[in-house]
């Protein structure tokens, strides 16, 4: 049975291309409740979705199914019974008889968890200290600054969270799916560490409170100080981890108990602030609500090197718990709804609680008290009179010295102790249960090798037990620090970095203007998110620039690592959306500007056919483009235009794009279905490109089997198609390049068959004998390479006629290199495809500039010699020109060198040959006669393929090509690349096999040769 499946982009495939999930099951007997009978629906309408799940379970039909009226198999069965595909997790739960976990709502899952994670030890141990250091005004500013940061971050997080369904991973999932794996993986690891450190900080806070309380009873484990704090924090961590191991639902029930305890402790402190003070409270600096206390605590009094920034650094970690609800995204019933409501509500509630606690402490307590005398106020000014211990900062009580002011001030002290224990336990629990889930999601995405074991989970809620153990171990190690303030500085920096990335993710997603970014939470602004991101980064450096640099360095290292090693994922990130938008905007801008010769770039349409079969041609063309210029691999697929052909083109496009990326070739692939090569190329010439990004050069491979094909009636049209492509390039005012790979072929598909079948080297149901390649290169397989004619120096001297004496003046013979080991036709078959990837040191590039075509013949060898990716990088460029016998060769050479320097063309030598009438070598004449006997057999005039009148008309042109062949063999036979100006003639000659004969004479028995003809528009300029 063929099951139609759909990918995330809505494209549908049959099981011919997408494998079915063998582990999935289908349950029959479920009523089709999503379908109703009306005038708009009927049983034959396969386009009707049953329910929302159809959009994710692969039940959507293809357009072909709808248009052709082919319903899905088993889609409609007996009496409306339909097949429902069940995922592996669902089927496993049903088979085991387990009740599937439905998830928490926004109150239990987000609101309570965020409140409990935000309200921690700082509420009882640091708010009175903040009031004593910063005073009431700056204390409120500290709270407001933190509020601004978390509100902006909460808004940004809510916007991202409501832009589709959210899976496990919390903030990491939001960032990675918004900005991509590089940002997500980097900040995800930092966020995991931050939550782990935050959990350890709360454990240390609890231990600190216990040690302080036990001092009143003169009890200590070791030293009553840092070591006792370490031991108690380790015990606390182990207790919490045991609760978490039991399960999420049990842990959530304990959170309710802790919340009730915290509420009672807050009420105790609030009520105690309004009760009359006792003598003991007065001795501890608590004077009750009074204007004198307000006046004395209104302004800051920073001590021990503290400042506004350090005070903010101590308070801000408490507010980082806003992500506790998001971290449980995988356990929420509706994360997109729960996260915004729960997070924003918790921010408002907890900010009010922290502000109230600080104000109640500051309006009823003085800064310094010795614990013996009662605080005194001036009868004249009403100001507080500090005790004598304030002079040497030795006071033990008061806002600036005593961390336990809320305990002393409360109506019932044990409730404050219980509140400290409950808040610390809940905050630590939230971090210890959220951090492993972040790490689990990170490991499930397989961004870092070797960590996949931590991505595993068990049970209906997918509990991350391996990540639990790792987090527990790390938390215990951090607990050994034992200093709450030191941990606060680290945690503040890490969370600010996470907040900055979250805000930037919202800004980037919104700025990309992608239609896919449609958050349900509308109360966001991209510029506000950008401001929040900048604010977070600024606060990072203000708090601790050293720690900030370390954080950014860690992030940069992780980012670069993931950029180069992360697997290719498609998460629809804003990075991709921005890349598209930027490319579109730049293309539109580019199209509005008139082209200038200084900005000319060779933009090539290379008729490669299947690029994998003609890697030599692809690699050679890439030596010119080098990823800095447009290169399109054109492929005329010999199919009639049809739906099947379109599907084949799509498959080829996907395969060849992947192949080009694997070969590290920065080029595009473009295929077109057409039985006619010429018509297909015409379609490419008319449609390929966008705006100014259109090809201006057509590069094709030389058709090496033309001589055999032109003499056969069933293959003669192939040559005409090939010549028609050349003529169409001229008519389209495009430059043209014809490349011949020495005596080696360009097509190696036969030798690759069976090994690289996935590259579609052999198209199905194509008769290659009848159609030829349908491309540009020979499809001749297994033809032995002909013997090379001798190079210059081995031809008998008697066959040469004297050349003009200018040769001895310019010393041309010194430029002829006799490389006896250079045999281009002897390349092994296994290395043919990589021939132009092997760099040649000090290679020779000979350029025969015979006509002024605008300078393209000079520009191409320059690019080949300077491009780092070229196999002839740093090669020696020799320029050959032929001047009339009426010109002085020395003067011509000087002028040419001067012009090349003005054009900034790198060259090693300029060689001037004098045009004169000389007799051709006997071998040349015999070779030409051999060609003519094949093309125009003397005994069979009816089989002539070249018109005799055409031969008479171009007799002089033929002799020029023969003479040029002799010069090429004499001077360039041992070079590594020869670039020659492509001859051009009237349409009647170009469409004749005579033109192929000219090209054969210029390239036969030569090294790799490129025939170039510009469109006679300038591509070089003197202008700076």
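Glycine residues also receive a Cβ, built from the backbone N, Cα and C atoms like all the rest.
These numbers come from a predicted model, not from an experiment.
Among the features that TrEMBL reports, domain 'Amino acid permease/ SLC12A' is placed at 109-605.
The domain 'SLC12A transporter C-terminal' feature in TrEMBL is assigned to 614-1024.
The transmembrane segment feature in TrEMBL is assigned to 110-130 (among others).
Annotation comment: TrEMBL describes 136-160 (among others) as transmembrane segment. Listed by sequence, the residues of this chain that lie at least six past the ends of the transmembrane segment (136-160) yet keep a Cβ under 8 A from its Cβ atoms are 130, 171, 174-175, 178, 294, 297-300, 308, 311-312, 315-316, 319-320, 322-323, 326, 339-340, 343-344, 347, 351, 354-355, 358-359, 362-363, 496, 499, 502-503, 505-507, 509-510, 519, 521, 523-524, 528-529, 531-532, 535-536, 539.
According to TrEMBL, the feature transmembrane segment maps to 172-194 (among others).
Here TrEMBL flags 229-247 (among others) as transmembrane segment. Within the same chain, residues 199-200, 203-204, 206-208, 210-211, 221-222, 254, 424-425, 428-429, 432-433, 459, 461, 463, 465, 468, 472, 475-476, 479-480, 482 sit at least 6 positions outside the transmembrane segment (229-247) and bring their C-beta atoms closer than 8 Å to a C-beta of that stretch.
Look at TrEMBL and you will find 256-279 (among others) tagged as transmembrane segment.
Marked as transmembrane segment by TrEMBL: 307-326 (among others).
The feature transmembrane segment is assigned by TrEMBL to 338-360 (among others).
Annotation source TrEMBL lists transmembrane segment at 411-435 (among others). Long-range Cβ contacts of the transmembrane segment (411-435) within its own chain (Cβ-Cβ under 8 Å, at least 6 residues beyond either end) map to 113, 116-121, 123-125, 170, 192, 195-196, 198-200, 202-203, 205-206, 209, 213, 236-237, 240-241, 243-244, 248, 251, 254-255, 257-259, 261-262, 264-269, 271-272, 275, 321, 323-324, 327-328, 467-468, 471-472, 475.
What TrEMBL lists as transmembrane segment is 465-484 (among others).
Annotation comment: TrEMBL describes 490-507 (among others) as transmembrane segment. Outside the transmembrane segment (490-507), and at least 6 residues removed from its termini, the chain residues within Cβ reach (under 8 Å) are 149-150, 152-153, 155-157, 159-160, 171, 174-175, 178-179, 183, 187, 190-191, 193-194, 197-198, 201, 313, 316-317, 320, 323, 524, 526-527, 529-530, 532-534, 536-537, 539-540, 543-544, 547-548, 551-552, 555, 574.
According to TrEMBL, the feature transmembrane segment maps to 528-561 (among others).
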* By Cβ distance under 8 Å, which residues at least 6 away from the ends of the transmembrane segment (307-326) in the same chain are close to it? -> 109-111, 113-114, 116-120, 122-123, 126-127, 129-130, 133-134, 138-139, 141-143, 145-147, 149-150, 153-154, 157, 161, 170-171, 174, 191, 194-195, 198, 201, 300, 332, 335, 338-339, 342-343, 346-347, 350-351, 354, 427, 430-431, 434, 485, 488-489, 491-492, 495-496, 498-499, 539, 542-544
* Which one of these stretches, 110-130, 172-194, 256-279, 338-360, has the most C-beta pairs shorter than 8 Å to the transmembrane segment (528-561)? -> 172-194
* State the non-local partners of the transmembrane segment (172-194) in its own chain: residues 6+ outside its ends, Cβ under 8 Å from one of its Cβ atoms. => 157, 160-161, 166, 320, 323, 326, 329, 435, 438-439, 441-442, 445, 447-448, 474, 491, 494-495, 497-498, 501-502, 504-506, 508-509, 551, 554-555, 558-559, 562-563, 566-567, 569, 571-576
